[in-house]
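Structure provided below as structure tokens; questions to follow.
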Amino acid sequence: MKRKKTVLHHILAEKQKFEKRKEGGSMSAKDEFGTTKYVIYAEFEANGIVERPDVVGAIFGQTEGLLGDDLDLRELQKTGRIGRIRVEVHAKAGKTYGTITVPSSLDRVETAILAAALETIDRVGPAEAKIKVLRIEDVRATKRKYIIERAKEILETLMEQEIPETQELTEEVKKAVRAKELIEYGPEKLPAGPHVPFSDSIIVVEGRADVLNLLKHGIKNAIAVEGTSVPETIIKLSKERIVTAFTDGDRGGELILKELLQVADVDYVARAPEGKEVEELTKKEIVKALRSKVPAEQVITEIFYKGRNFYEVIKEKERAKNGREEKVREVKPPAPAPAPAPAPKPIEKPEPKEREEKIVKPIQQPRPSELDEFGEFIEKVKSSKDSMALLLDKDKSVIAEIPVRELTNQLKERKDVYAVVFNGVITQRLIDTVSESGVKYLVGARKYNVVRRPVNLKIVTFAE
């Protein structure tokens, strides 16, 4: 009776275990064995047909009292030092074959003794049987392998997640700084960069996002129109500052540009690459677009009156620039012949003369003596990539070479300036400032919206 109860107990236990395995599928070593240190793997062969409960009963029954109370399987299982014994069986040709798995939390020696005890079992149920231990596996080694592999997976996941988070954090901080730099300008509270209140030149863009993108790339003198109608603040600023309109490369950008040119005093026009918006441009694209800016008069004439495309004008401008550079290279070699002196000045002088004569003669005969006087200085500022102004005294000697943005301040401080030669636009505001400083000659790239000419100041442009 006692044997029947034991067998039934093991049958139920094995059934529950089978159901759990069915539900859980394949489990990791950690789930299977818990705190197990070793696993005994054995195989058996019985000369007859036996079932799983017969094998389990034989293991418990035939080892009982064999190894003493300390290594009794039932006691060890109660205390958790031996796990559930797993048995797999299959019958073939009147014999039964199978495997036995015994999880153990005992030490190495006790586990080996227990494994050897299994091989003493010689009968399973009614049939003779033979059990052979195949190996004892160190579960801790398996766990170590599992830990290493799992740690690799966790680290890879962590690295994949951490890098974007770091980038997002950095971007958030930068956005916060840029937003702090953003100011509200004028009664309309227009979004603007921190340099707009005092900068000599400003960049007019369409919206707040455009100003933020320019701030991101270090351009701090931009101000936004914020809408389709041009605010009064922009109109006032355009009369006092050098204004560059920088609009999107789409239909909306063209409409805003038309309105700006009608109501504001715009000096230059720059556009984002065709189909792109200013807010999405990279630093390289922004710099390229601003360097390719076109004078406002040319935009009005070529685009709005003649109906040409803005980007065609830009390409033509680049081709013309490259053509001029090639022409200079061709003309330059014969120039030294009439001037044997080693100094570079005589070589440079004939070159602008020759070029100016070709352009000017068919149009008119304006002040050739003035061009001769300032030809050398005109060539110098024209060849400069940056905005540059030369301040000359009565002897035509350069007393200062400064950026154009510092011209107004320098003229207020100096009283010995006879002439100013620079590569910028001659505006009415600049004419008034120069005239008040006692300057006699003002030489610039071109004139724009000049309505008053002081009698004590001679104005010359490069084209004249």
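Each residue's number is its place along the chain shown, starting with 1.
The backbone N, Cα and C atoms fix where each Cβ goes, and this holds for glycine too.
The following feature annotations were taken from Swiss-Prot:
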type	residues	note
DOMAIN	200-274	domain 'Toprim'
BINDING	Glu206, Asp248	Mg(2+) 1 binding site
BINDING	Asp248, Asp250	Mg(2+) 2 binding site
REGION	322-359	region 'Disordered'
COMPBIAS	322-332	compositional bias 'Basic and acidic residues'
COMPBIAS	333-345	compositional bias 'Pro residues'
COMPBIAS	346-359	compositional bias 'Basic and acidic residues'
Per DSSP, to which secondary structure element type does Asp250 (Mg(2+) 2 binding site) belong, with helix, strand and coil as the options?
coil
Hey, what's the Cβ neighbour count for Asp250 (Mg(2+) 2 binding site) at 10 Å?
14
Would you kindly give the Cα-Cα distance separating Glu206 (Mg(2+) 1 binding site) and Asp250 (Mg(2+) 2 binding site), rounded to the nearest Å?
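Roughly 12 Å, rounded to the nearest whole number.
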If you run through the domain 'Toprim' (200-274) with DSSP, how many residues end up as helix, strand and coil?
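Across the domain 'Toprim' (200-274), the residues distribute as 31 helix, 18 strand, 26 coil.
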Over the span of the domain 'Toprim' (200-274), how high is the average pLDDT in this prediction?
90
